[in-house]
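Reading through the C-alpha cells given below for one structure.
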Amino acid sequence: MAAVQATTGIQANTKTSAEPVRPLANFPPSVWGDRFLSFSLDKSEFERYAIAMEKPKEDVRKLIVDSTMDSNEKLGLIYSVHRVGLTYMFLQEIESQLDKLFNEFSLQDYEEVDLYTISINFQVFRHLGYKLPCDVFKKFKDAISGTFKESITSDVRGMLGLYESAQLRIRGEKILDEASVFIEGKLKSVVNTLEGNLAQQVKQSLRRPFHQGMPMVEARLYFSNYEEECSSHDSLFKLAKLHFKYLELQQKEELRIVTKWYKDMRFQETTPYIRDRVPEIYLWILGLYFEPRYSLARIIATKITLFLVVLDDTYDAYATIEEIRLLTDAMNKWDISAMEQIPEYIRPFYKVLLDEYAEIGKRMAKEGRADTVIASKEAFQDIARGYLEEAEWTNSGYVASFPEYMKNGLITSAYNVISKSALVGMGEIVSEDALAWYESHPKPLQASELISRLQDDVMTYQFERERGQSATGVDAYIKTYGVSEKKAIDELKIMIENAWKDINEGCLKPRQVSMDLLAPILNLARMIDVVYRYDDGFTFPGSTLKEYINLLFVDSLPV
C-alpha cells in the first residue's frame, strides 16, 4: 500500500521530541464520507430474495444435469453460470458433468469446431480445474509459417475467446503465450470499429481480462455486456439477478457494520494522518470471497486490514525513526504494558488493536479455530518488523540488492497479513491440515505474493522515489543487475506474468487442497491487479475503485 508524500501535514508532540521532523503526507480524503453508515437492512426484503431464488435455482440445476443437452451447449451454459458467480451453488452438479465430458475428451472431436466454441470449452475446463490441453488451438496456426492463420482475424468473438483463454495458460504453453500477444494486438486494432455489446466485451477484456478481474464486478458487467448470453436461459438470468440483489443487500449491511466500527474506533481523530479508505478496504476483501457463507470472514478481515492501514501510514508517512523502533518493539511484545513506551498519538490504536484481536481470538477459540487468529497476529508482527527494516534503509540511504529487497518486500507487501486474516472467519474449511499447507508457503501462495509486491512496485516506484522513501523493487533491480529503468520494469512484468502461470497451474486438478482455500489466494492476486494495474488505486481511489464501489453498492441492478 504505497503512499505519496506532500510537504505539509499534521504535527504532534511526542515524548521523544517537541517538534519532530516527520515524513508528512497529505492524503486525499475519503470520497464517501459516512454514506454507507445510513444503510438499513430490510430483513423481510432480504428474505424475499432468498425465497425467490429457490424456483429458478432448481430450474438451473435441472439444466446443468440435462442428459439430452449437446455438450457444447452444456459447456456454454456452465460458462455463463461461472461468469455470473453462481458456480458455488451448483459445484457438485457441474463437476459431475465436467468429469464425464473431460474423460470423453478427444482432440479429433474439435476438428470441425469453431474458435469461439473451443475457447468457451477451454475456459470452462481450466476455470474449474481441468487441464484441457492447449493443443485444441493448434489447428488455428499455419503449419508452415507457425503463425496464427489470418482467417481468424475476421472472427472477433473467436479472437476474444482465445484472448481470454490465453490468460489461463501455465508455463510451457507457448501457443497461448503467442496467442496472448497476437490477439491483443488484433483486438486493439479493431475495437474502435465495433458496435453494440461486442464492442463493450472487447473493451472490457482489453482493460482487464475476466480471469484477472474482481469476481463480483465481472458478474455485474456480464449482465450489461453479455445480454444475449444471459437471456438464452431465462431461469439462469432470473436467478443471477436475484442472487446479485441478495448479495448486494448482505454486503451493504456488512459495509455499514465495518463503517460504524471504524467510526467508533475514532481513528480519524487519534491518527488523522492516515488514509480513510473503509469502502475501498471492504471492496478489497470482498474481492477475496463474495459467497454469503463468508460474511463473518469478510467483516473480520476488513477490520484487520483497516488496522494495517493505520500501521502502514504511521510507519510510512508520520512516525520518526525513533518512534518506529519503539512501536516495533511494542508490536513484538503484544502486551498492554508496552503502551507506555510508545508515543501518545499511537496508544489508542495499540490498545484497540490488542483488544480486537483478543475478542476475535475468544470467538474463534469457542469454535476450535484459535490457530487462525494466532497466524494472523504473527503476520501482523512480521509486517511491523518488515516496515522497520524499510525505515532503517531509508534512514541510512541504503538501497538493498534485489534478492534482499524481495525477502523483506514480500512481507511488507501486506499480502501475508491480509491472506492469513482472510482465513480467520472461513470456518471448517480451514482445518489444521489446511493451515499447515498454507504455512508451508506453497507455490501458488508464493506466486500470488510476488504479484502483490511487484505489481505495486511497478505502479508506484516513481511516487516512492519522489518522496524519498525506501527503494522499491524497480530501484533494487536496477542496482543489482545494472540495467535501465525500462529493462527493469520489463523484467518485473515478466516475473508477474510467470507468477500468474504458477497460480493457474496450482488451481488445476489434482489439487493439494480444496479450491475453497485456493480461491482467496487467486482472488488476492486479482485484487492487486484491480488496484494497481493502471494507478495507485488505493491512495488515489477516485478512478477504478470508485467505479467499482458505485457499481456494487450505489447503482443498484434493476430486477
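A Cβ is built for glycine as well, from the same backbone N, Cα and C atoms used for every other residue.
Features as listed in Swiss-Prot:
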BINDING   D312, D316  Mg(2+) 1 binding site
BINDING   D312, D316  Mg(2+) 2 binding site
MOTIF     312-316  motif 'DDXXD motif'
BINDING   D456, T460, E464  Mg(2+) 3 binding site
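Positions of the features from Swiss-Prot, shown on the structure.
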| residue | record | Cβ neighbours (10 Å) |
| --- | --- | --- |
| D312 | Mg(2+) 1 binding site | 22 |
| D316 | Mg(2+) 1 binding site | 25 |
| D456 | Mg(2+) 3 binding site | 25 |
| T460 | Mg(2+) 3 binding site | 23 |
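T460 (Mg(2+) 3 binding site) and D316 (Mg(2+) 1 binding site) are 14 Å apart (CA-CA, integer value).
Residue counts for the motif 'DDXXD motif' (312-316) under DSSP, split into helix (H, G, I), strand (E, B) and coil, are 5 helix, 0 strand, 0 coil. Taking CA atoms as the reference points, D312 (Mg(2+) 1 binding site) and D456 (Mg(2+) 3 binding site) are 14 Å apart. Model confidence over the motif 'DDXXD motif' (312-316) is summarised by a mean pLDDT of 95.
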